[in-house]
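Student: Grabbed the feature section from TrEMBL, which reads as follows:
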- B:Gly165, B:Arg166, B:Ser167, B:Ile233: NADP(+) binding site (BINDING)
- B:5-119: domain 'Tetrahydrofolate dehydrogenase/cyclohydrolase catalytic' (DOMAIN)
- B:139-288: domain 'Tetrahydrofolate dehydrogenase/cyclohydrolase NAD(P)-binding' (DOMAIN)
Number of protein chains: 2
Amino acid sequence: MSTIIDGKAVAEKVLAECGQQIEELQTRGVVPGLAVVLVGDDPASKVYVGSKVRKCAELGLHSRKIELPADATHQQVLDVVHELNADPQIHGILVQSPPPPQIDEDAIVRAIDPAKDVDGFHPENVAKLALEDSSGYVPCTPAGCMRLLKEAGVETSGAEAVVIGRSMIVGKPMALLLMSKEGNATVTVAHSRTKDLVEVCRRADIIVAAIGRPEFVTADMVKDGAVVIDVGINRVEDASAKRGYRLVGDVAYDEVAPKCSAITPVPGGVGPMTIAMLISNTIKAACQSQRA
Amino acid sequence: MSTIIDGKAVAEKVLAECGQQIEELQTRGVVPGLAVVLVGDDPASKVYVGSKVRKCAELGLHSRKIELPADATHQQVLDVVHELNADPQIHGILVQSPPPPQIDEDAIVRAIDPAKDVDGFHPENVAKLALEDSSGYVPCTPAGCMRLLKEAGVETSGAEAVVIGRSMIVGKPMALLLMSKEGNATVTVAHSRTKDLVEVCRRADIIVAAIGRPEFVTADMVKDGAVVIDVGINRVEDASAKRGYRLVGDVAYDEVAPKCSAITPVPGGVGPMTIAMLISNTIKAACQSQRA
């Protein structure tokens, strides 16, 4: 029997911890603040930003939504970031990805004060992750995956882990976390150029799928009893669905799940964790700003 | 038959290229300059620093050796670094490791101007490596290993590579280079907590041994036809040797070499590459300082 790792429940647990920390901070007169910058009117981005702001409000965090038009210049976005860097009420800054093409996203990320970079994408935080310096901010999705493994009671130390995908958003940071002194896993990073991907995946005790291809990981790629973390969220056309599509992960869930000792579903697995880790990072930033 | 990868010859080739670049720079009135800071009088460190300075002189690089006493304070070392950061004649700065215990080595590394950090240990360069930003400086030893693989005609793309060791000096940067878009290898990082290290190593087309344990990699851990890069330099007591010891790598060379398609010896493999890559990084720093 495979355990379905309930990302919603774990996210609730993380957010409950966050709630306690927020109360503690408030007794010291500190209200953690998150600023979310949205450039343009991409419908999916609007939904993401909306749910982040709503979650902040629920928890008693200060949040600020800054909307810029789709034709905003790079300098305008930079100006907003600089203002937020200087604002003591704001502890975390997030510029919703992807911005319109006239915006140089890398330069925007580099402009964010690393101490407020709750997305964990600033080079300073990338380096801290590689150097195992815990004062940095870990990108929310891999941080969420690690927490799911922990809550599901999965021992990473000594385990063979295969991360499929080598992006700086998920794959590489996930690999760095798993191979750190805390993770202690034997980590393989597989990707589009991996020759015998089936064979590579079959040796994994833990698979983290982050390739962005619907139902890419099939049953033949999974060892009996493996733990599977599915980072993918893909839209697949489905005439029978109300919206005309359904969401599927990078894992062919129906055929893979029966082989696993534990697996995250899509939706309801990694997804809910991302926002919980974002809030958690923002509280960490607020705490660290008090010490600074 | 296994090819013995001649690190000395490849290093000579790299240094010859460096010589040409130095001449080109000189026609533009630029002499690349390397400063080496030695704190204390560790005999091994003295030897390393001496050979670096000598190699610079041979090639027509400007080099400066700054020696501080073993009881120098952290602030004194910092002051030297700040002076060198500000000195336009100096393009590369290296503080010989390990400094005496009263010196916070991490803080010294962070104090070096990242544009002069030819060792590649500054967080900004660590991040550039992870982010595949080629304007950064790659640590000399893993950079040298990559060059050896290239010169030996080893195709890394699609290959299964196992890196043994996860230090920030060799293991992790080596893994990042191999898994990058340029390396395209399927990379596994193994370490002290890896459970079935023999099995993990046996699947490798390329093994990079960087564990710092003499003759740790034995024949049973190596697949027929694998390529083995031995980063280790260990002293082993040997009464029959003139100095009372001999140098061995992390690989049991005599038994492993016959199984390999190619292997680096110790000494004469990775060792000579380190200084060549240091010079190469210094020239890159001089070139980039012209553009800045």
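Glycine residues also receive a Cβ, built from the backbone N, Cα and C atoms like all the rest.
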Student: NADP(+) site residues B:Gly165, B:Arg166, B:Ser167, B:Ile233: biggest Cα-Cα distance, Å?
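Tutor: About 17 Å separates the two most distant Cα atoms.
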Student: Inside 10 Å of the Cβ of B:Gly165 (NADP(+) binding site), count up the other Cβ atoms and send me the figure.
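Tutor: By my count, 24.
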Student: DSSP secondary structure for B:Ile233 (NADP(+) binding site), reduced to helix/strand/coil, please.
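Tutor: Once the DSSP labels are grouped into three classes, B:Ile233 (NADP(+) binding site) ends up as coil.
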Student: What kind of secondary structure is B:Arg166 (NADP(+) binding site) part of, going by DSSP in three states?
Tutor: coil
Student: Listing the binding-site residues B:Gly165, B:Arg166, B:Ser167, B:Ile233, which lie under 8 Å (Cβ to Cβ) from chain A?
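Tutor: Out of B:Gly165, B:Arg166, B:Ser167, B:Ile233, B:Arg166 lie under 8 Å of chain A.
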Student: Taking the Cβ of B:Ile233 (NADP(+) binding site) as the centre, how many other Cβ atoms fall within a 10 Å radius?
Tutor: 17
Student: Need one number: mean pLDDT over the domain 'Tetrahydrofolate dehydrogenase/cyclohydrolase catalytic' (B:5-119).
Tutor: 97
Student: Once near-sequence residues are set aside, which residues in the chain of B:Arg166 (NADP(+) binding site), 6 or more away, have Cβ atoms under 8 Å from its Cβ?
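Tutor: B:Arg166 (NADP(+) binding site) has long-range Cβ partners B:Lys172, B:Ala175, B:Val189, B:His191.
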Student: Report the DSSP secondary-structure composition of the domain 'Tetrahydrofolate dehydrogenase/cyclohydrolase catalytic' (B:5-119) as helix, strand and coil residue counts.
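Tutor: Tallied per class, the domain 'Tetrahydrofolate dehydrogenase/cyclohydrolase catalytic' (B:5-119) gives 61 helix, 18 strand, 36 coil.
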Student: By DSSP, how many residues in the domain 'Tetrahydrofolate dehydrogenase/cyclohydrolase NAD(P)-binding' (B:139-288) are helix, how many strand, and how many coil?
Tutor: 55 helix, 30 strand, 65 coil
